[in-house]
Each structure stands twice: as C-alpha cells, then as structure tokens.
Amino acid sequence: MLSLNIFEARGCQIIIFVLFSMGLLLLRRLKKYKKSSEDFYELFQECSKNTKESVTERPKPRNQLAMLVKLGFAGNNLGVLMDEAVKLVALTLEVKYAGIMEILPNRSAFLLRAGIGWEEGMVGLARLGGGNNEAGYTLKASAPVMMEDLLLETRFRVSPLLHNHQISSGVSIAIAGKEEKYGTLAVYTTNKRNFTEEEVNWLIAVSQILAAAIENHKSAARLKLLERAIDSSNNGIVITDALSANNPIIYVNSGFERITGYRESEIIGSNCNFLQKGDRNQPQLKEIKQAVAEGKECCAIVRNYRKNGTMFWNELHIAPVYNQERYLTHFIGVQTDITKRKEMESALWQKSKELETFSSNLKHLHRLNTKLYQDLATLYADYLEAGCEILQMTTGIIGEIVGESYIIRAVKSDHELLTSEIDFVLADVCCGKVFQEKKTITYIDGNILNHPLAHKTYIGTPIWVNGEMFGILNFSEPEERNSDFTSHEIEIIELMAQSIGRFIAAEQTEKEREEVKEALRESQERLDSILSSLEDIVWSALPANSQFIYLNRAVEKISGRPVSQFFEQPGLWEEIVDSEDREKVEQASRLLSEKGINKDVEYRILRPDGEVRWLRDRAHLIYDANNTAIRIDGIAMDITERKLAAEKISKSEEQFRLTFELAPIGMAIISLDGKIEQINQALCDSLGYSAKELLGRKFTDFISNTEDKAVNAVLRNKLLIGEISHFKRETCYRAKDGTNVHTILQVSVLRDAQGQPLHILKQVVDISDRKRIEEQLLHDAVHDGLTGLPNRLLFIDRIEQAINRSKRSKNYLFAVLFLDLDDFKLVNESKNMGLLIGDALLMAIAHKLQTCIRPGDTVARLGGDEFAILLDDIESEDEAIELAQKINLELKSPFQLSLQPIFTSASIGITFSSIGYEKGEDVLRDADVTMYRAKQAGKSRYAIFDSMMHDKILRRLQIETDLRRAIEASEFVCYYQPLISLKTNKLIGFEALIRWQHPREGLISPGEFIPIAEETGLIVPIGEWILREACQQLQTWQQKSSQILTVSVNLSSRQLQEADLLEKIDQILGETKLNPKYLKLEITESILMENIEAATQLFSQIKERGIKLSLDDFGTGYSSLSYLHRFPIDTLKVDRSFVKRMGAKGENNEIVRAIVTLAHNLGMDVIAEGIETKEQLMQLKQLGCDVGQGYLLAKPLAQKAAENLIDNYNVATRKSSRSRNYRLK
C-alpha cells in the first residue's frame, strides 16, 4: 500500500491516494476472484469424490450435482440456483418438503429463501427467529442434524413452520463457507423416516456447492464495484506489467482516455513513453525511469502530448505493486492534468513582473525629479536615457517648436544621421500631430507618417513652458509594439515632460527657478500621492534589522492597522504573518539580506477582525556608490481577491470543461460572426470531423439545406437583439462523408454582466438514428420484409381507397385476386432445398407477379406463400380472369434457383367490388375463401366469389364469435376415451377429448370449431381449460379408486409457441395436486418437426417434471425417423388411417409392424387408435402393439359414464380374471 507522505499536502493528493489504493485492491480482487472460481471447481471435485462411493448405484444424483455446479459457475442469479437446488433435492430424495433458510444480515433471524412443498406465498417471506430452533441449532452444530421424530425432539424448540406443516422427520445441514455460515439446507417428511448415510452425504455435497456459489457471487460483486469506482475517477489510472520487458500497459480507466484522447484498445501493450512523443529530454523522465528500474515510488510533473498532438502538463504519481511473495508484478500510475494551473502560474508571474517594473520606474523618476541640474543638456540626456529605459525604446528626442519649424535639441539614438540642431518643417514630421492636438499621441502599428528614421512605434507628448508649448518629448522604436502603452507609462512620460518644462522655465528667470522648485515639490507630492493612492503596500526598510522607514497608506486598508503602529512596534509585521507561512517568509528575507536574492513570496496575514488576507511581497536591495546595501525597497500586493477568483474560476472552468467535453450531446461555442471557437467531441463524432478541422469555420456552412439556413438566420438575429431567449428546432447538417445528420438544435446567447452578447452556445442532439429507425419502421410497417412488396396492412388500405372511389363513381370497378402457391411447403421444408431456396422462390414469384400487372395496380405479400393483387379501375370482370390465366401461364415456366429446376403453380380466388363492400378486410376475406375453393378443384386453378361462399363465411364468423364467449359461459365439456392394454386387457387410462355444447345448436363437432380456434389463437385458453379439467378429474378418480390411471391431453402448435406454457402446466399440476407421472401430453408429428432444436429443449423440460410425452398421428406427417431418437418421446401413436387398412389375413400390416418395431427398439410404447373391428384388434396384438383405443373397445364417454366404467371394470376384475378378452361396453 502506498504511503501518503510521498505526496504534497494538497487535497487532490488525498484523492490520488484513494485511487492508488482502489487500483491495488482491484488487482488483488482480480486474483482473489480467479482463485475463488478455482476453489469452486476444486470443491465440486471434492464433493464428487466424497459422494462417488455412496452413489455408485445411483448415477442420477451425480448428474444433478453436476447441473448445480454448472448453475453455480454461471453465477448470474443465486435465486435460480437455490430454487433448482431444492427442486432437485426434493425429487432425488423423494421428500415433500425441502428448503433453504438464509441467515439475515443482522444474524437475528432466518428467511425461507427457497423451498418446495410449503404453503403458497411462504417462500421468500417466511421467517424464523435466530434462537433455539432447528435452523439456529444446525448452524451451531458441527455435523448434519438428524431429526428422526420431531414430536420427541429435546435439543431445540421446533419452529411453528414445521409444526404447521405436520412435519415428522428431516435432516438439516449448514451451508458454510471457509469463514462464514450462510444458512441451512433441510429436507422434511410428514412420516417418520431414517435418512441413509448415502442421502446425507449427498445433501452435504449440495450444501457445499451452494456455499461455494454464494462466496463466488460475493467476490464477483465486490470486484465489479471496485471496477466502477476506479472507472468513474476523473484522474487517469494506468496499470503496467512489471514482469514484461517493455513494462507494457495492461489497463487504463476512462479518465486516462478523456485526458489523453487515446482509447484503451489503441494503447494496451504499449509502453507509456508514447505520451512524450519527441519530447524525451525532460530531466523528470530520467527520475521516473530510475524509479521504475529500482521498483520505487515516484512523483513528477512532465510534459505529455494528447492523441491530437496538443501538450498538457501531467502530474504523475507512480507506485510499485508486489504480490504476496513480495515480488514486483505491476506498476500503478495516477495522472492529473494540471495544464490550467501551469498557465495561471505563468500569467501571475507576468503580471508580477509588470508591477515590479512599474514600481522601479516610479522610483527612477523620483530620483530624476529630486536631482539638481546645472544645464539643460544634462537634464535632457538624463530624461531621454530614463525614458528609453522605462519604455524599453531605442530612440528619444527632445525638440523645440520655433514658428513652423521643429528643431531637435537633444537625441538619444544610435543612428548617426540623427543629431541635434537639425531643423524640420513641423507639418512634415510625425510630431506635428502632437502640436496640432496639444496632447500625447501614440502609435504602435507602424502607421507613422514621416518619421525621420521610418520607425513603427512612437509616443510623443507636449513640453509646456509658462502655458505655451515649448517643444515635444518623443520616443520611438524601429519595430512594432505588441501592446498599447499603459496608462502608467503615458502618465510617467507626461510627468517627465512637465518636469523638463519646469526646468526650462527655471533657466529663463530666477522667478521661474523658484517655480521650478515648487513644481518639483508638487511633482514629489504627486509622486507621493501616487504611491499613497496605490492599492499595493509600498515599503522601505533597513537591511540590518528590517525596521520600516517608509510605508504608504495602503497598509492600513490591507492590514487593518494604522501606519504608525508598525513604526511604534518593531516586529509587528512578522507577528501578523500567518504561523504556517512564517518560515518561508523568514527564509525569503534571509536570502535577500544575506545573499542579495530578490524577495518574491506569497503569504497570509491576519487582520485584527480575524480576516485573512493573501499578499504577494516582492523586495530588492538598494546600494550606494560603494555597493553597500543601504535600503530594502518592496511592494506588497493584496492578491486575496485574485486568489479567491482564481480558485472560483478554476473550479468554474473545470466544471464547464467537464460538462462541455463530456456532454453526451454535441456542443459548440460560436463567435458573434458565426465562427466555431470551441467544440466538444460528441459534435465532432456526429459530423465526422476533428476539432482542428472545425475550429474557425462557420457553423452554418455545414447546414445541408438553404431553408434551414434561412430560418436559423432569422431566429439568430432575434436571439441577439433579445427578442427571444433561445430557440430549438430540427436542423439537418452535412457530415464529412457526405451523409445527412439529423439533429435537434438548441441555440442560446452567452452575455456579459451588462447583457451584451459575447458568444453563441449551440447544443446539438444527433437524432439521425431515430430518424432512420422511424423511416425504416414506417416502411417495414407496411411492407413485407422478404420481397419488399406491400404487406397486408398497406394492401387493405389501398383496397379501402378503391372502395371509397367506387362509392363516388357508379361505373368504377376493381378486383382483388388472392393467390396461394401449390405445394410450396414441399420446397420450403425439403432437405435438398430448404428455407433459403424457399425464400428465393418467393422473391422470384413476387418479381414475376409485378411484371404481370399494370402500373397502377398493387401486388402484396400477405404472409407465407400467400399473395394478393388489386386491379384498380378495370373495364370488366374479364380483365381479372385474364390476369389469373396469365399468372398461371407464367408460373408454368420453371424457376432455376438451385441445381434442379423448381416448378410451382398457384390457386387464385377472385372477388369484385360490384358485390358492394364496406371494408377492405371483407374483400380480402372473400377472396381468401374463394382461393380455397379453387385449391379444392385442383392445382393451378382460379375461382370467382359467389353468394354460397358468402354464407360459409358468415357461418365461420358466427362460430368464431360464439367460440370467444364459450369458455366464460362454460359451454365446453370433456369426454374421455378409454385406453386398454392389449397385453392384459386392463383399463390403463383415458384420452381427454373436448366437446362443445352450443346453447342453440347442441353439440358442435370438434372438426368444425378446432381449426377456427387454431387460426384465431383461441386454442390456447381452450387447451388450458381442457388440461386443467382432465388433471382435476383424474385426481378425483385416483382418490376414489385404487386403480392407477393416466390421462392423455393434446397440445396444439399454438400452445407450444406460448412462452409461459411450462409455467401454466406447473400451475395446473400444483392446483389439482396431480402427480405429473400420471399425465401424458400428445403432440402431432408435424408440430415436432417445425422447430427441432426448440422442440428438443421444450420436451426435455417437460420430461424433467416427470410428465410423459406421446407422438400422435405418427407416420402421417413429415418424415421424422432421422430425428426421432433425439426427442424424449415415451409413446408412438399409430394413426387410425393405418389401422383402418389392416386386413384379417395380415394384408397392409407392414407399416404398423414397422412402427411397432421402431418404437420398441427406441424404448417407446405403441398405442393404436381407431380400432373398430375384432380382426384389427387381433392383428395389433399379434404385432405386439401395447395399447389400443377405438369404438370396438369403448367410445368417448362423458364424466359420469367414465366413472361407471372405472367402477364396473374394478368389479369385473375382482370377480374373475378368467376372461382376458373382457370387452368394455
């Protein structure tokens, strides 16, 4: 763990320390998580070894342990693992109750976390106290707790949970990890039972698997928490591999990506020195390299470079990471971008230099003003020398104005052509403007007219003598100046001119000399006034003892103490310095007095009212002619507001920067003339440009259409004049690759304190994906995904448009053709062709149909192999008939889509608008019905709708309407057809068959309403009803009779597609309390082959519940022989069509014999249905068929009749076993 003392005592270092710690902990958690997974696997191996001998005769428990370990490794949901565990435990040990009691975090109570057999609603809610009950006792015990008779239990108090369920015996085992116990696993029975050692060992293995899974889950959760914490840091975190030669990067967080611009995938495996690019001669890099080589901690500030090439200052902290054996394995580094701080320090240094220069200039001028001059030449020379030094300019001129001429009186210049006494025409030289405007004139941009030396920088001010302009004081420079003259510079030059003027006047008369002295005094006072008016403390002190000899009035305002107090109390200044800053102040003072090093230090002072003020104190030594220090001159600037402002600005800038740069939407700051000044990455990504490519360009240049440009320009003008505060609208931009980027653009103005606009802020939300999705969804909603043709929805809309046109015009006629491909299923499900060829055939047919119609007609694909055509505005019905004939003629040509040609044809139903339709659905429905009539007549036929078909449609609609209320009205009844063992002649069960007792029409045949129920989806609730009814009835019979019977219930294809089918089956078995092993579900062969993989998975889950599966109508559907062995089928059911063809002498028996042989070889039973003659019965027995069903044995019976049959059969069986050919009546 890193030590905090390697960092500077600043708040950010605490954050970095925490990040270091979290990074190291993350590495350790990664190793620990890996170790916990290995421990989990080792635990399973140990469990398998410990239980291997005890379950050698029972392979099923070992398989269940393996399944639990698989769930445990998945680690996604402990609840699922625990639920599966109790189910497997209850099923394996054949107990009614099993449960997992989880000890709650406060360890004062237990929660029934998972269980089976308990009353509904108790799992997840039932709680036990943490005291002396079976759960608490188990946690304290060192071995499994065997409960042989709870009525006689004395070791603990039996919980109400067990009393209420009348539990008699059980076993409870602690679920315990290496360091912590999580709860108990227990099984219970209502009868007395002694559990074997084998069963207990198996339970122990299950509990150990659960404990290992819980520990694994907790380790994974802690690891994810650490990863999220580190990734949320704004600092860059880097982890490198110290064991590899190049110390490569193995991890960076998102903070690193934000700071450097490099994605993790770009730099994994690289050495960190790519951040220096070519700047690798920094001395700090040597320190870092040495620290890494020696495996030591290191802190350095270096120049790094982002991916876009920009430099940033990086405050870098590096620490080594050691493993448990104290070997160096990794390095972890924390980055902090301190570029803003560096820039602020540079700006502060520059301002300090300017203030220092200004202070020095004031003192220099003060010395000139106090000097007594004997002649003007010396005065001119000193002032020109001083002016050039103050202004940092090379040339100074003092000239006298005589009439219209300008005569140079003194020159400070290296230029040999410029000497005194040169005469210029005043109007022809640059200082002529000073004379004209009677004030100071400056130039910094080279636009000087007629300068003698063609200089580009100039300042000139009048020299006044007795109210008249005597001359001009000029300074110039060959090069352009970078900035304007400051007010202090101008004021000093004007003071110099005034002093020169007074000296000139003094030369003229004695009286004027006295005036000069007065002027000098006034100048001194003015200088003192300037010093006193300064907000900074100007001070002077003795070098020997630092005793103040001068302080201006600013000290009173800043320190809160009068000036006199500092002279009366020597050492007071050191006392008011903040105690934390005294040492550095004293050190700076010592260096100044002892070594002459200028003093420049920032520190805090305390005012009497307790307020703290920040000062920047700068001082230097003043020497006499003998180079002896005679005085310390200094200036102390109050930087409190600047400190606070800098801190506030820094925080505000950081917040804005983070908000701006990390915003998930595009953002840009635009100048008032429309140019991009700043742009974030999100907007760059949307437009496909880099920030460098966009900066300086006009944002409106990227708008893709002129309308958006015009509207946005109008709104922008309203925004700038304050007519609106902002605007928001959809705007389309053109990306770099030429694509359109649809956005929501919000524009607002950034104004200054006076309300004047400074910048324009644009926020851009990229909605291109949403737009594309909307357009695609709109297209997909009304078009077929395979062929691109209009779908049913769009086709019906166009039919209804045609209906409306027919209402407006009596002569308007349209037709609708409904097409269904003949034998398309053979192509689609053929092994040689399959779905891909089927899809290709549909697309080819769609193309061919489009070539058969006129431009104004519509071809649509309704689904599967069904197409429809709308013939709009036809002259007569013959046009529709001709089109149907043309289509069938076109389809006679083969489609060459595979190695062999594919032939197909279509059955076509036609209906016309002359019938008088109101709805598009009715038109399509009638065309559909007509198509089926055409299909019945043979392939490649068409038929035209007539009134008889209309009656059939109305009948179907009536059946569908009545069917929807039949379930609620309890109109369905369940009939039961007996199943007879052909070997023992015993009644072994029933097949449940549904009948509809219609209130007006009586019994309606299933053949009439079941297809409609399948088509409308009503078969799902109907199937659920008959399954519940059959299970409930069988459970009732089981309770009344000792006869063991089964019930078979058909499942439709629509039921098998329901996601909650298993949940409904479990619910029904739970409600009826029927043992699953007495239920058999029948599935037709065609359903089985629709989706082999899904069917295999579903049937396996059904079999896991103990439910039997029967394959109905075997041999009549698709050829499933190659797949039959893959399905967990218990019974094959021979279709009645095969039984019907069986003869008395064995003719036509081959198919049935093959089915029976196949089933028996696969370990399946065989049921023959539709047995109607004695000869059929005899032949089936000879073929070895197991079970029979049919009218010869018994017709489907109502509930009461079935109960009588059960009773009569039991009586007959008891009376005599001599009649093995007993026939059920």
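The first residue you see is number 1, and the count goes up from there.
Cβ atoms here come from the backbone N, Cα and C positions, even for glycine.
Sequence annotations record features per position, and here TrEMBL assigns domain 'PAS' to 222-295 (among others). If you take every residue in the domain 'PAS' (222-295) and average the pLDDT, you get 86.
What TrEMBL lists as domain 'PAC' is 298-350 (among others).
TrEMBL lists 506-533 with the feature coiled coil.
The domain 'PAS' annotation in TrEMBL covers 523-596 (among others).
Among the features that TrEMBL reports, domain 'PAC' is placed at 599-651 (among others).
TrEMBL lists 652-722 (among others) with the feature domain 'PAS'.
Sequence annotations record features per position, and here TrEMBL assigns domain 'PAC' to 727-779 (among others). Helix, strand and coil content of the domain 'PAC' (727-779), in residues and according to DSSP, is 12 helix, 30 strand, 11 coil.
According to TrEMBL, the domain 'GGDEF' annotation covers 812-947.
What TrEMBL records for 956-1210 is domain 'EAL'.
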Worksheet item: Per the 3+ Cβ pairs under 8 Å rule, pairs at least 6 apart in sequence, do the domain 'PAC' (298-350) and the domain 'PAC' (599-651) touch?
Response: yes
Fill in: Secondary structure content of the domain 'PAS' (523-596), with strand meaning DSSP E or B
42 helix, 10 strand, 22 coil
Fill in: Tally of residues which DSSP labels helix, strand or coil - the domain 'PAC' (599-651)
12 helix, 30 strand, 11 coil
Worksheet item: Helix, strand, coil residue numbers for the domain 'GGDEF' (812-947) per DSSP?
Response: 59 helix, 31 strand, 46 coil
